[in-house]
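Enquirer: Got a structure for you, written out below as structure tokens; questions coming shortly.
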Amino acid sequence: MILMITQHPLILASASPRRTELLRQIGVPHTIRPADVLEEAPYPMTADEYVMYLSRKKARAVAKPGEIVLAADTVVALDQQILEKPADQPAALEMFRLLSGRTHEVVTGVTLLQDEREETFTVTTTVRFCEIPESWMLSYAATDEPYDKAGGYGIQGKGGLFVEAIDGDYYNVVGLPINPISRRLEAFGIEPMFA
């Protein structure tokens, strides 16, 4: 188990249960303070630009003096199209049909912020879906799982059945690339300790 020790509280600017669980899994104590921001691009952006813009916006929205804030935003990108969370079952089915049998990218923008110090970066993972049977799409869309996830699927849940191959950081697809975050947290005074 990895224990992280810090003199400053780490604030997670997200209500995502997956992000919270990943931080707990690697032993990073944190406080949850979701950012209430409009998740909309001010002008056309690439997936990388968009997730960096939103992660910065989220971090700045919850930041208080002295605190270290961790904010992230994840999207699925296919052919320059950004797929966020589906609003309803028809939107989820449309996403599954778009992604079926194809390779897409999962892009997460991460911002670490403390006072005037800010570091923002992206991590991209390539995911290939199988040809998804229509019956699987319908069954999955009937669950609650797709509707709070970029691209409408959770690789760590039933949506993992769609995944044929992955190239890159698995945890990035879940919603938080824990290795690069852990390495960068060291520069903010949060040192990993193995116990």
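Here the Cβ of each residue, glycine as well, is placed from N, Cα and C on the backbone.
Feature annotation from Swiss-Prot assigns site 'Important for substrate specificity' to ARG18, THR74, GLN156. Annotated active site, proton acceptor per Swiss-Prot: ASP73, in sequence order, evidence recorded as sequence analysis.
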Enquirer: Indicate whether GLN156 (site 'Important for substrate specificity') is helix, strand or coil by DSSP.
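Expert: In the DSSP reduction, GLN156 (site 'Important for substrate specificity') maps to coil.
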Enquirer: Considering only the recorded positions ARG18, ASP73, THR74, which residue has the minimal Cα-Cα separation from GLN156 (site 'Important for substrate specificity')?
Expert: ARG18
Enquirer: By a simple count of other Cβ atoms within 10 Å, which of THR74, GLN156, the recorded sites in the record, is least packed?
Expert: GLN156
Enquirer: Which chain-mates of ARG18 (site 'Important for substrate specificity') that are at least 6 residues away have a CB under 8 A from its CB, listed by sequence?
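Expert: Once residues fewer than 6 apart are set aside, ARG18 (site 'Important for substrate specificity') is near GLY154, GLN156, VAL174, GLY175, LEU176.
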Enquirer: Near ASP73 (active site, proton acceptor), which residues of its own chain have a C-beta under 8 A away, given they sit six or more steps off in sequence?
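Expert: In sequence order, GLU39, TYR50, VAL51, LEU54, SER55, LYS58, THR108, GLY109 meet the Cβ cut-off.
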Enquirer: Can you tell me the three-state DSSP label for ARG18 (site 'Important for substrate specificity')?
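Expert: Assignment for ARG18 (site 'Important for substrate specificity') reads helix.
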